[in-house]
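Feature annotations, courtesy of TrEMBL:
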type	residues	note
DOMAIN	232-331	domain 'HTH araC/xylS-type'
């Protein structure tokens with residue numbers, strides 16, 4: 001495996017700062033501080049703290065520019081296809097957790113952490129936690145950059161970070177500014193040797209990462225709040241309007257100004273469907289009415305609890321309790337077991 005050439009590395013570093021120089025203006029030397037990893041031996045040494053697998057170890061090639069400060073570290077990579085896995089074994093070897101801001105300058109990556117999984121496209125970014133197992137699949141040649149910060153310096157609840165980990169960050173000016181900062185800082189530190197005052201840089205980095213994380217967590221909170229609102233409103237609408245035969249899932253969607261598809265996104269596939277929730281509430285109202293008014297005709301009970309007709313009521317009642325409404329009135333034991 002010949003690995004990436006100096007020209008490949010020079011072009012990669014030009015892309016870090018969005019430069020596309022002419023052939024005459026291009027740098028003639030690759031940065032000497034960039035680390036090289038080629039072939040099976042390079043693959044074994046490449047990723048610290050993670051398992052690394054390549055589709056073809058003999059053809060593997062990577063270049064790493066690493067800029068450690070005091071508490072913070074920034075990096076840029078040029079690499080052939082690979083999959084990295086952060087496992088419990090590696091997590092157990094480190095005493096402190098950190099958060100990684102990762103961005104894709106070239107090529108996409110499939111990220112999985114906790115219950116989240118997403119494709120991070122070129123130009124997009126994500127967050128990962130080092131104290132929770134994760135997997136990153138790079139299916140092609142990619143150019144990711146990263147920024148790692150200890151969790152204890154962020155002041156954000158860990159469970160809130162887990163909720164947004166491995167998902168694309170909002171494509172906002174703030175997210176793009178963080179990515180641009182990492183690109184330019186790595187470029188200047190490695191190519192020009194100008195990292196600036198470390199203490200000042202770390203303060204600026206921490207402010208930027210805190211703002212980026214707060215943006216992601218705040219968005220998740222708003223989505224969670226919206227979900228709670230929708231679910232609460234749906235149950236309230238069912239409670240108040242289930243006795244109307246015209247009330248349906250479409251009625252709920254109209255009341256919330258949502259499409260049926262949007263409405264169903266607020267409910268887990270494991271839960272009963274909205275139509276089932278409405279039917280269950282109608283059945284419960286009918287059951288109580290049967291017992292409280294033992295002489296009310298079955299048709300009136302059905303009509304007053306939202307059923308379109310007595311036949312629909314009977315079939316749903318039998319499916320729920322195993323007896324007809326009339327039999328239910330006559331069997332107190334069934335009534336007691338089902339109440």
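Keep in mind that glycine also has a Cβ here, set from the backbone N, Cα and C atoms.
Applying DSSP to the domain 'HTH araC/xylS-type' (232-331) sorts its residues as follows: 67 helix, 0 strand, 33 coil.
Confidence in the domain 'HTH araC/xylS-type' (232-331), given as mean pLDDT, stands at 88.
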